[in-house]
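**Q** Pulled these from TrEMBL:
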- Cys8: active site, nucleophile (ACT_SITE)
- Arg14: active site (ACT_SITE)
- Asp127: active site, proton donor (ACT_SITE)
- 2-151: domain 'Phosphotyrosine protein phosphatase I' (DOMAIN)
Amino acid sequence: MKKVLFVCLGNICRSPMAEAAFRHLLEREGWSDKITVDSAGTGDWHLGKPPHEGTRKLLDHHGIGYSGMLARQVCERDFFSFDYIVCMDSQNQLDVMKWLPKQITKKAEVFKFMDLLPERGFADVPDPYYSGNFEEVYELVEAGCLRLLEKIKADLSS
Ligand code: 4NP
């Protein structure tokens, strides 16, 4: 069993979109019993809130469920319970590392979502909370989730 955690700032726009899209992909491809997925935010402004309306609209449009998903904040325990912590942007990655206790070996591999799509040539998934452009995020999320599944399959077979 491998466990994936997507992380963004508010846990209402990008990381819940990735969580729902990746779970949908796992179900479609028959990997749900081997890989689990969750998401969290580095900030605490939206704790307990469902995904942003823009994310919900996009997920609805693509027939992807998100019921029961509520924002939570990253915590120290996440470094030990997850195998992959996938950060939606560079600042999220820096902030996530603040939760990592010093001198303790973590289990999680921490990397950026855009590391999965190096050919795109940019570092961060743009934040639609400010841009309003949820479509461009969905397009990246869809492509990156396919790559993530390939990466985990490769890790499981090595
Ligand atoms: P997210 O977007 O990190 O993709 O969920 C944001 C959500 C909320 C805020 C910023 C970004 N905020 O400042 O409240």
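In case you wondered, yes, glycine gets a Cβ from its N, Cα and C as well.
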**Q** Roughly how many Å separate the Cα of the residue listed as 'active site, nucleophile' from that of the residue listed as 'active site, proton donor', to the nearest whole number?
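**A** The Cα atom of the residue listed as 'active site, nucleophile' is 9 Å away from the Cα atom of the residue listed as 'active site, proton donor'.
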**Q** When you measure from the Cβ of Asp127 (active site, proton donor), how many other Cβ atoms are you left with inside 10 Å?
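**A** Step by step: centre on the Cβ of Asp127 (active site, proton donor), count other Cβ atoms within 10 Å, giving 18.
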**Q** Looking only at Cβ atoms, how many others are within 10 Å of the one on Arg14 (active site)?
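**A** Arg14 (active site): 34 neighbouring Cβ atoms within 10 Å.
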**Q** So what pLDDT does the domain 'Phosphotyrosine protein phosphatase I' (2-151) average out to?
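**A** Taking every residue in the domain 'Phosphotyrosine protein phosphatase I' (2-151) and averaging pLDDT yields 96.
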**Q** For a three-state summary based on DSSP, what are the helix, strand and coil counts in the domain 'Phosphotyrosine protein phosphatase I' (2-151)?
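**A** Taking the domain 'Phosphotyrosine protein phosphatase I' (2-151) as a whole: 66 helix, 23 strand, 61 coil.
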